[in-house]
Amino acid sequence: MPSAAKVFYLAVFAFLRLTNAESQHHDQNTCAIDPKATVSDACVSYNSIDSLNDKVYPLLQTITQDTDFFSYYRLNLFNKVCPFWSDENSMCGNIACSVTTIEAEEDIPLPWRAEELSKLEGPKAGHPGPGVRKERPGDRPLQGMLGEDVGESCVVEYDDECDQRDYCVPEDEGASAKGDYVSLLDNPERFTGYAGMGAHQVWNAIYRENCFLKSTPEQLELSANPQFGELQAANDLRNVLQKELKRTEGLPLDNECLEKRVFHRVISGMHASISTHLCWDYFNQTTGQWNPNLQCFKERLHDHPERISNLYFNYALVSRAVAKLRKHLESYTYCTSDPAQDADTKEKVSLLTSALANRPQIFDENLMFQDPSAIGLKEDFRNRFRNVSRLMDCVGCDKCRLWGKLQVNGYGTALKVLFEYDETKNGENPPLRRTELVALINTLGRISHSVAAVKSFHRAMDVQDGETLTIPADVSSVKNPDGKTTRRLVKDGGTTFYYEDDEDDFQYLTEKLPWERAPRGENDGFLDELRAEFEVFWNTFFYVLRSWVNIPKTLFEIIVLEINRLWSYWLGLPVPPRMWRIRRPSEPGMESRDEL
């Protein structure tokens, strides 16, 4: 039996180890990012990315919103099934989605229904085959199905052949249909209510795809054949899902090689970017408006600085890929039958690539896959990212699947350009399809919007209660399809945002307390004084009585609100902001503004 002293020292050392581990875990999750620090695995500081984004953000907004080429995307949204599990859990995973099962659904306001938030909007046009295209005019291959003012020669894709150097699964692979063209402006990326088991299952599978299994010599030999490599990666994913379902600890990235760290950071940064968009364009079911949600940002990103770091890393990686295409895009034809729009699109893209290329390189892709042991890892890297692409077919929300597929394709295109393209050559480079270029530029646009939104959210958190912060108009949500002008949002303490110069949102009243006496008139007599005193006594008496009577009702409302917040947290939904607070009564003559 061990001695008492030995047991004592063992207990002390165990306690110190737990304390140190807890402290390290706390520091990792809560330490703020130094703006002057260099982004890990990149060649640029956070401040430099913010400065660069201030310059290219307006360009990206113009390119993605004002050109037909980059505002329409072709994808196979409905003709594919999830290859890894059944779709039963992916279709409806939270209380917001379950409104479709309520008998009196017509009583629910239309904008609140989950199916209304997630369904695609705007016109769609099927992709015409080669035979159909020959029978139609060159400038009208879609026969006006997207609208009469759309330059169809800028939208239709002709280069849809697959290449083994792709990092994403082409949209037409293994599907009977060639997909549909949808408007990205009519379907902005924002909060849809899609969460719960289905969403968690998809993200867990995506993160587990980062678990690179140690390859045997036989597996490395098979990975040299692309067809066997894809099969091996798909089988590895199924094995990981089965064997590591109960794994809860974080990934030991510090001990991983650069290639594996980059893979994880791309996935995490994509997740952070999507979360930022959802928090920025959050649907407030109380007001029925789309506003930024500061509480959502705090819980999803601010409390996890490593996610923001990965978002900035993705900015460096994708912007480097776009800069690398500068020479290739100089001779690219965007609109075959519309020279004016082709020249306009080419000029805007040239301004973007020049702004990104005429500066020190912010990501060095030449450091990756240089070790002899990493030869087989490159093919494994490519196949695992293809699996992430396939996992997008498991998303049960139409809009989420649209933007998930587009952004995974965008990151895959960035990796393809970084690792397969030579800036000095054009003929030997793999082909760049229209969907890849559209996805790449829109993905950079989404990351750029996320970086700008994070900057605005941080500025909002620095403002004390009672002060006002104006969010810049150029960091607003996507332009409304109905053409309405976007109003500026203003923050007034806490997590509340409201529209500037909109008196319908709040009322500004001067609070008259019951014990305040009315101004005395010049001709008031004794009876008037007596009546005024009695009125003050009577109003004060009922004010106190009514306050006591309202206590149970107020407590009940607070409990319901807190239960709703807890329920949303348990389901994985963004927790709504607290709608009550304790404060002192306003002083006489001061304006009162009550948000309850």
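Glycine is treated like the rest: Cβ placed from N, Cα and C.
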Query = TrEMBL pairs CYS397 with one of CYS394, CYS400 in a disulfide bond, so which one is it?
reply = CYS400
Query = Per TrEMBL, what member of TRP85, TRP203 joins ARG190, THR192, SER268, HIS271, ARG300 in binding FAD at one site?
reply = TRP203
Ask   = Under DSSP, is ARG300 (FAD binding site) helix, strand or coil?
value = helix
Key: Of the binding-site residues listed as ARG190, SER268, ARG300, the one whose CA lies nearest the CA of CYS397 (active site, nucleophile)   = ARG190
Remark   = Taking only the CA atoms, the spacing between CYS400 (disulfide bond) and THR192 (FAD binding site), expressed in whole angstrom, is 8
Ask   = When a 10 Å sphere is centred on the Cβ of TRP203 (FAD binding site), how many other Cβ atoms does it contain?
value = 15
Ask   = When a 10 Å sphere is centred on the Cβ of HIS271 (FAD binding site), how many other Cβ atoms does it contain?
value = 18
Inquiry  = Under a three-state reading of DSSP, tell me whether ARG190 (FAD binding site) is helix, strand or coil.
reply    = coil
